[in-house]
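Peer 1: Per Swiss-Prot, the features are:
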- G17, P18, T19, A20, S21, G22, K23, G24, T25: ATP binding site (BINDING)
Amino acid sequence: MKSTRPFHPTPVITIDGPTASGKGTVAALVAAHLGFHLLDSGALYRLAALASVRYGIAAEDIDALVKLIDDLHITFREGCAQLDGVDVSNDIRAEAVGNRASAIAVHGPVRTALVARQRAFRKTPGLVADGRDMGTVIFPDAVLKVFLTASAEARATRRHKQLMQKGFSANIDDLLRDLRERDARDSNRAAAPLKPAADAKLLDTSALSVDEAVDQVLQWYRALGQPA
């Protein structure tokens, strides 16, 4: 059946899913394989969250958050996330920052302030965008939409390993509880709740290696007649 999606000359692959489902790693490797640009939308939210904490802006102060986002100087360079010219890649991965990012994302105006920045990442030859609503809200015309899933236990284990490798202390039981609470909050929020697009490919990564997940995404992309 012929697609009814609006045509856009620059292809986008969206990879959505809950926290610690592996979407960031998979997206980065798919982008590297295809030579595409990469958008880590979660990093944008975390950068805004980190800045809000540093400037003393409450998670409920919507007007101040929107103004902050409009004024932020954000850049991504060689895998590093920079805020006001300073590499904060490790800072934004702290659990407290992740929880703040999820808390401010419930506000529609805050999300609107970041949408334009996310869409601006779409450049030739293509883009791989990872996040939570890339396929449903930001790039509804993406040529391939993938939604990664994994059990809460598997995701908590992955998150614990990531944090320990970065030098953060973490309790796996606390992480599991936080993940479940964040899943419930993100799935039930009024603005762009976490859910797969109707035409998304579902990929459970609980028992898959990173390479296996990447290979599956590339197979789906090739099946569309795209070079991969």
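Cβ coordinates are placed from backbone N, Cα and C, and glycine is handled just like the others.
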Peer 1: Once the chains shown are all counted, how many other Cβ atoms turn up within 10 Å of the Cβ of G17 (ATP binding site)?
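Peer 2: The answer is 27.
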Peer 1: Just jot down the residues in the same chain as S21 (ATP binding site), at least 6 apart in sequence, with C-beta under 8 A of its C-beta; none if empty.
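Peer 2: Listed in sequence order, they are L148, T149, A150, R155, T205.
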Peer 1: At a 10 Å cut-off from the C-beta of K23 (ATP binding site), count the other C-beta atoms across all protein chains.
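Peer 2: K23 (ATP binding site): 29 neighbouring Cβ atoms within 10 Å.
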Peer 1: Fewest neighbouring Cβ atoms within 10 Å: which of the binding-site residues T19, T25?
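Peer 2: Each of the binding-site residues T19, T25 was scored; lowest Cβ tally within 10 Å is T25.
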Peer 1: Taking the mean position of the Cβ atoms of G17, P18, T19, A20, S21, G22, K23, G24, T25 as the ATP site, which residues outside that list, in the same chain, have a Cβ no more than 8 Å away, listed in sequence order?
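Peer 2: Result: V26, D130, L148, A150, R155, R158, T205.
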Peer 1: Provide the three-state secondary structure of T19 (ATP binding site) computed with DSSP.
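Peer 2: For T19 (ATP binding site) - judged by DSSP and reduced to three states - the answer is coil.
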